[in-house]
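Beneath this line is the structure, given in structure tokens, with notes to follow.
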Amino acid sequence: MSKKNITIIGTGAYGTALANVLADNDNNVIMYGIVEQQVDDINIYHQNSVFFDNKKINKTIRATNSMAAALENTDILILGVPTAAIKHVVNDIIKYAKKPMDIINTAKGLDEENLGLLSDKIKKYFEGSNVISTYSALYGPSIAIEVVDRQPTAIMIASETIEKAKELCNVFSNEYFYMYPTTDIAGCEISAALKNAIAIGGGILKAYNAGDNAHATLLTLGLNEMYEFGKHFGAKLETFLNFAGLGDLILTASSKKSRNFRLGERIVELNDAKKALESFNLTVEGVETARIAHEIGVKYQISMNFFEIIYNILYNNVKPISLLNNVFRDVKLV
């Protein structure tokens, strides 16, 4: 397959990991960042030490703090910024883009304003411009440092057509990074968002030394409620049983590398979610997701007993022990 000109918006850990994969596949990769020190770190020292210390990345990766330069001849554009920054970034992309591009989103979350899918909101941001050729979303169990270390990883790419998804698989996939194609954007997106809230519950159970049986119960109930939620948006069951669903859930809800999991542990340590959040300096996506998912569930009358417990712990001053006391109650499986 011919080389692609690929732009990654953001110089975060995951964007850097994807840049390394794509550069390993002989694509032309440029990253756009706003922190000059990071841009220099990538260009001069071939590393992103903010996230990966002195670990080297592919020497062909370039970085710039000029959006115009980043979009000079882009075929594929990857949105590697947090959900809250997307609207501002899209405005700049529309301003400087030279041609229509395949847009791939990696941000996780739900649409708070419209109580819907993030993908619908992002596509709406691009409306009226000639910038977006196709829209895709990339999700799955892929801790950034392991991808940079070229450890075996498998994720999913969801596109509007299976042909486009397969084409993008060929761009990304190699001997250590496998990408599976699907058209279920809704299923991938919902899985990526909701598993973060479930991971908070995983950390809570771990901190109480609840054992593997309870943890397996949590994963089972969480996965079922993810699917119940997803059905409302037309998501497919098979997606929740694949890398973006079950795979990412197992990883995020079981690993101390997950910020959401660590927050759950911290909540138990302080016995107070508000105090835990105040002491936690990192962005934890599952907190906002739990609130928005709750609002969507109420609006559309989606039964989500497990998510209600997480929501009440985070927002209604319910003590974390309530998860342990209630996780086995009102069990409803697909």
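Heads up, the Cβ atoms here are built off N, Cα and C, so glycines get one too.
Of the residues Y14, Y32, Swiss-Prot places Y14 in the same NADPH site as K108, A144, R259, E285. Binding of sn-glycerol 3-phosphate is annotated in Swiss-Prot for K108, G140, S142, D248, S258, R259, N260; the matching candidate from K55, K56, K195 at the same site is K195. The subset of recorded positions (G140, S142, K195, D248) lying with their Cα within 10 Å of the Cα of R259 (NADPH binding site) is empty, i.e. none. Considering only the recorded positions Y14, K108, A144, K195, E285, D248 (sn-glycerol 3-phosphate binding site) has K195 as its nearest partner by CA-CA distance. Within its own chain, K108 (NADPH binding site) has T83, L118, Y139, E189, A192, A193, N196, E285, T289 as residues 6 or more apart in sequence whose C-beta sits under 8 angstroms from its own. Cα of A144 (NADPH binding site) to Cα of S258 (sn-glycerol 3-phosphate binding site): a distance of 11 Å. The number of other Cβ atoms within 10 Å of the Cβ belonging to A144 (NADPH binding site), over all protein chains shown, comes to 19. Same-chain residues that are not part of Y14, K108, A144, R259, E285 yet have a Cβ within 8 Å of the Cβ center of the NADPH site turn out to be A13. Here the CA atom of Y14 (NADPH binding site) lies 9 Å from the CA atom of S142 (sn-glycerol 3-phosphate binding site).
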